[in-house]
Each structure stands twice: as structure tokens, then as C-alpha cells.
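For reference, Swiss-Prot has these:
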- Asp203: active site, proton donor (ACT_SITE)
- His4, Glu178, Met179, Glu180, Ser202, Asp203: purine D-ribonucleoside binding site (BINDING)
- Gly20, Arg24, Arg43, Arg87, Val88, Gly89, Thr90: phosphate binding site (BINDING)
- Arg216: site 'Important for catalytic activity' (SITE)
Amino acid sequence: MSVHIEAKQGEIAETILLPGDPLRAKYIAETFLEDVVLFNQVRGMLGFTGTYKGEKVSVMGTGMGIPSISIYVNELIQSYDVKNLIRVGTMGGIQADVKVRDVVIAQAASTDSQINRNTFAGVDFAPVADFSLLKKAYDAGVEKGLSLKVGNVFSADRFYNDQLDKQQLADYGVLGIEMEAAALYTLAQKYGRRALAILTVSDHIFTGEETSAEERQTTFNDMIVVALEAAIK
């Protein structure tokens, strides 16, 4: 048991999927896993463990933003010795060829958060994905005939930020904007764990095209299958 997770030792798998929305965690568990057990509901942050193709896998919500995911990733690693952490979430696209509902694998994560600046005394640490997980996810997506995008994403510290120069990010090749990957990658590298963010484009920041809240909560199955296949390969 940790401060924010009530699971007993052994109830959380070495590999965990991390959606921001706890209701998406519930959807993933009920739709894709077998022999599901609820291990956490502290603060409504639902966590489940089950099996996928015979392999033990967990899934748990993290909430929104770098501070929230940092709490749960720290506790999952330090209190439960989780080895592989795969974020499955949404992002806003900013490239012309990144379409709504596309699946994006975040190779690296830039950020305007000051967390890493504080940690590294002003040094610009570059948070990157684990290559082995990235390759497994990419291969799984290609095998299923998906059109995947792989590249840099931007982990924003604020959801509403009129001052952020999104066009400049696009000009430098950033695929889209989300809010958690930079923290996930940094903590995984700190503790010697493997991490990856697989994201579905829920809206396009420049065109205004978007998906519904219900669709974000209960679909985006391509992303989830890619994550699960990467988790067990």
C-alpha cells in the first residue's frame, strides 16, 4: 500500500497501462482483459489487474497533467516495483498529416514544465521512450495495418495556454500536444524502468476537428491493442 494506491503487494502486474481517465481504465479492463480484479479506487483513480492472452497486465488512471501522473508513477515504481509503464491517452495534433483518430507513438517529449529544470538545475534533460517498447508497439501497429506516426510530442504544463506558440512547435516537427509523457519518461529513466506513450489524436488544434467526450472515454481501441501487444511481446 502507498499513499494514493491501496493495492496489496503482488496485486499489480510488472506491466501497466496508464490512461489519464480512470473510466477509460475501467473500459480497458472490462473490454480487453480477463479475470479482472479491482486493486484501487482511492480518490476514484480506478486500477485493475487481469490477463491479456494469458499474460498478467494492469491498467490504472493517472489523472491529468505532469503533477498527477508523477504521483502515481512514483508510487507504482517505488512501492510496487512496476517495470513497464505504457501511457495510453489522447493528444491534439498540430501537423497537417496527423489526422484525428491517428495513433501516435511518442519517441520523445518536449515540455514547458519547470519540473525537469528544477531537477537538473537548469539543464535541459531530454525525456525519451524506451526503444524496445517503442519497436514492439510500432511492429504491432504495422502488423495490424495501422497508419502510425512516430516522433516528438509536447507535454504542456497548462491545458489552457494562449501564450504557447503552437505554430513554432509544428515548424520544429512536433506531432502534437498532450500533458504527461515528459514526466513519465523522466521518472522511468530515473528508476531504470521502461516507458512508452501511445496516443490517439482526439482533436486537431489548427483545423478544429475533434472527437466527443464519450468517444474519448470508450473507443480508440487501436491504441489500446497496440499497447497491449507491446506489453506482452
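Backbone N, Cα and C atoms are what each Cβ position is placed from, and that goes for glycine too.
In terms of Cα spacing, the recorded positions His4, Glu178, Glu180, Ser202, Asp203, Arg216 that come within 10 Å of Arg87 (phosphate binding site) are Glu180. It is 23 Å from the Cα atom of Glu178 (purine D-ribonucleoside binding site) to that of Arg43 (phosphate binding site). With all protein chains in the displayed structure included, the most crowded Cβ environment within 10 Å among the recorded positions Glu178, Glu180, Asp203 is that of Glu180. The subset of binding-site residues (His4, Thr90, Met179) lying with their Cα within 10 Å of the Cα of Arg216 (site 'Important for catalytic activity') consists of Thr90, given in sequence order.
If you check the recorded positions Arg24, Arg43, Val88, Thr90, Asp203 against Met179 (purine D-ribonucleoside binding site), the ones with a Cα inside 10 Å of its Cα are Thr90.
Neighbour count (other Cβ atoms within 10 Å of the Cβ, all protein chains): 21 for Gly20 (phosphate binding site). Mapped onto three states, the DSSP output places Val88 (phosphate binding site) in strand. Residues within less than 8 Å, Cβ to Cβ, of Val88 (phosphate binding site) and separated from it by at least 6 positions along the same chain comprise Leu17, Leu18, Pro19, Arg24, Ile28, Ile198, Leu199, Phe220, Met223, Ile224, Ala227. A 10 Å radius around the C-alpha of Ser202 (purine D-ribonucleoside binding site) takes in these binding-site residues out of Gly20, Arg43, Gly89, Thr90, in sequence order: Gly89, Thr90. Residue density at Thr90 (phosphate binding site): 22 other Cβ atoms are found within 10 A of its Cβ, drawing on all protein chains shown.
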